[in-house]
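Let me begin by presenting the structure, written as C-alpha cells, before commenting on it.
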Amino acid sequence: MPLITLPDGSERRFDAPVTVRDVAADIGAGLAKAALAGRVNGRLVDTSHLIEDDASLAIITDRDPEGLEVIRHSTAHLLAQAVKDLFPSAQVTIGPVIDNGFYYDFAFERPFHPDDLEKIEARMKELAKADLPVSRSVMDRDEAVDFFRDQGEEYKAQIIADIPAGETISLYKQGEFIDLCRGPHVPSTGKLKAFKLTKVAGAYWRGDSSNEMLQRIYGTAWPNKQQLDDYLHRLAEAERRDHRRIGTELNLFSIQEDAGGGLVFWHPKGARIRRAIEQFWFDMHERAGYQFLYTPHIANLDLWKTSGHADFYSESMYEPMEDDNQAFQLKPMNCPFHVLVYKDRLHSYRDLPLRWAEMGTVYRREMSGALHGLMRVRGFTQDDAHIFCREDQIEAEILRILDLTLEVLQAFGFDDFDVNLSTRPDKAVGSDQIWEHATAALKAALEKKGLDYSVDEGGGAFYGPKIDIKIRDAIGREWQCSTVQLDFNLPERFEMEYVAEDNSRRRPIMIHRALLGSVERFFGVLIEHYAGSFPLWLAPVQVQVLTITDRQDDYAREVADRLRNRGIRADADLRNEKIGFKIREHTLQRVPYLLVLGDREMETNTVAVRTRSGEDLGSMDLNQLSERLAGEIASRGRSHLED
C-alpha cells in the first residue's frame, strides 16, 4: 500500500503498486493527459514506472524544464526511427539533448542532403501522428551487445560493450524501432508535436579525428508550435547576426586555412576596432591604478611543471619544442609569467596591492571540430590582470574589480548581467579559514554593489572561490566574459612571499581577473550584438565622405583630413560612380555617417549628412558636425544624431 507524497505536501495512499500514470490519473484527467514523466524520490522515470513502496512523486509535464528535456530526447529517437525507415542501411550511434535541441549521429554511405532532411522530418511527423506507444525493456549487457550486432548496429554494440559487466541495459521501443537509452521517454510519439530539423554536419565517431566521419543531424523540439516558431525566429535572427558572415561582408577578419584553423587574421577594419577596444581598455586600467606587463609567448617546460599546467592542463597545450637542450612550450595562460615578475624582487606589505594587467596572447590546443569563427580559436589574446594583495585587502580589491568590470561592459553596450559565485569544492588547497574569509569577502563585495547573484555551492576551482559574470546580448543570449578568481595554489607552488609588518614572510593572495575574456571572442560577441552596426566610437569607419562628381575631390580630401585631425576615423570615396551606388554600398558597410558633397556644399563649405539608417540630417557646418561627433566618440555612447 504505497503512500505517495506530492510536491505540495499532500498524500495519496493506494491499495496496490501504482504507475506514475495511475497517480496522475487519480489526481485528474487533465494531468494524466499532460504527464510526460515522473520524478520519484528525486529520480526521473517514465510514466509507466511502477511505484511499490512509499515515495515522493512529482508529475513532469511540458511546463517543467525536465519535461522539455524528455521531449527533446524522445524527438532524437523519433529522428533515428525516421532515418532507419527511410535509409535502412544507416547505423545509429548516439543522440543526446543539447542546448535548445538535440542531435543524432548516423553512419551512412553518403552525406545527407537538405532534401533528405525534408523527407526525414516529414516521416517524423507521420510517426508522431501515429501516436506509437513507447515502452521500456531491460537486457543484460552481453545480451544487448548480441541483439544490436544481430541488427547490424555495430556502433551501438561498441557503446554497450564499454559498459561495465553486470549493469542492466535499458532499451526503448516505438513501433518496430528499438534503441539503447537510459530514458525516460514520453509515453507515446503523439506527445511530440513541435519539432524541426535544422542542419546536418560531419562528426567523428567518439569525437576522435582518427575515427570514421559520421553524419550529425541537428534538430530542435518544443512543447508547442508557438514556442517552436519563436525559437526559429531567434535562430534566424542569430543567423542574420552571425559574426562569421558579417566579418566577411565588412572585411573585418578571416581564418586562413593555409596558416591553420583557429588562427585569426585581423584585416585593417577589424584592426581599427581592436585598437579602439584595446585603447579603451588601457585607458580604463590606467585610471584604475593598474600597471602593464608584456611577457613572452613561450617558456621552459620546467615553469609549466612548477605551475602545475604540465600535469593538469597538458591536453590543452601544444607539444614542447626542443632548442639548445631545453624544452619550451607555448603559453596557454599568462598567470605564471606574472608570478615570475612578482618574484623578481622582494615585496613589503606596504607595496601591496600590486595590480598588473596584460593583453597577453595565449595558445591552446583545440580539436578542429570544436573551432568556431572567433568564438573558439587556438590563438587568442586574453585581457588578463593579476592582483597580489594581503588577506585584509581582498574585499576592497574585489569591489574595485567589480566597479571596473561593470563600467567596461556597460561602455560596450551590455547592461544585463547574470552573476554567479562558486564556493569551495570537496577537494581544495588552502585552509578552512582562508576559504571562509575569501568567500565572505566576495559575497560582501557583491552585496555592496547591489548585484543579484546565485551561489554554486562546491562549484569553485580547487584553488579558490570565483565570481563569473555573464552578459546578455541584443537577442537574449548569454555569454561568459568576466571572471574574478582567487588563487591559493600558485602562491604556494611558486613560494611567493612578502614581508609583513612584523617582519615575517607571508604568502600574498593572488586574484586572477579578466573583463573581456578573449579579445577575439569578445569581438565576435560585439559583432553579433550590434549585427555589425557598431556604435560610433567602435565603428571602423565613422564617417564616409562621398563625392557626386570629380569637381569635389579636393574638397572631399580636405573634409576627410579635417575630420581625421579631430580623431575621427574618416575615409573619402572619390570613385567615378553614381552617388546612389556609393550611398548604398557604404550603408551596407554600416558606416554610421555619410557626408555627401556636391557643388553647393563645396561653395558653402558645408556637408550634407545622412545616417546609415537612411535619415537625411540636412546640411551642416563641418566644424559643428565634427564637434558633435568628437563629443560622441569621447563619451563612447550611441550617436544622438542617429537617434
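Quick reminder: no glycine exception, Cβ is built from N, Cα and C everywhere.
Among the features that Swiss-Prot reports, Zn(2+) binding site is placed at Cys335, His386, His512. The Cβ of His512 (Zn(2+) binding site) lies under 8 Å from the Cβ of Cys335, Asp384, Ala385, His386, Thr483, Val484, Gln485, Leu486, Asp487, each on the same chain and at least six residues away in sequence.
Summarising the annotation, Swiss-Prot assigns domain 'TGS' to 1-61 and lists sequence analysis as the type of evidence.
Taken from Swiss-Prot, the feature region 'Catalytic' applies to 242-535, supported by sequence analysis.
Of all Cβ atoms in the shown protein chains, 24 besides its own fall within 10 Å of the Cβ of His386 (Zn(2+) binding site).
Residues belonging to the region 'Catalytic' (242-535) score a mean pLDDT of 94 in the model. In the three-state DSSP reading, His386 (Zn(2+) binding site) counts as strand. One way to see the shell of the Zn(2+) site is to take the Cβ centroid of Cys335, His386, His512; the remaining same-chain residues with a Cβ within 8 Å of it are Met333, Asn334, His338, Val339, Asp384, Ala385, Gln485, Asp487, Leu490, Met510, Ile511, Arg513.
Residue counts of the domain 'TGS' (1-61) by helix, strand and coil are 14 helix, 23 strand, 24 coil (DSSP-based).
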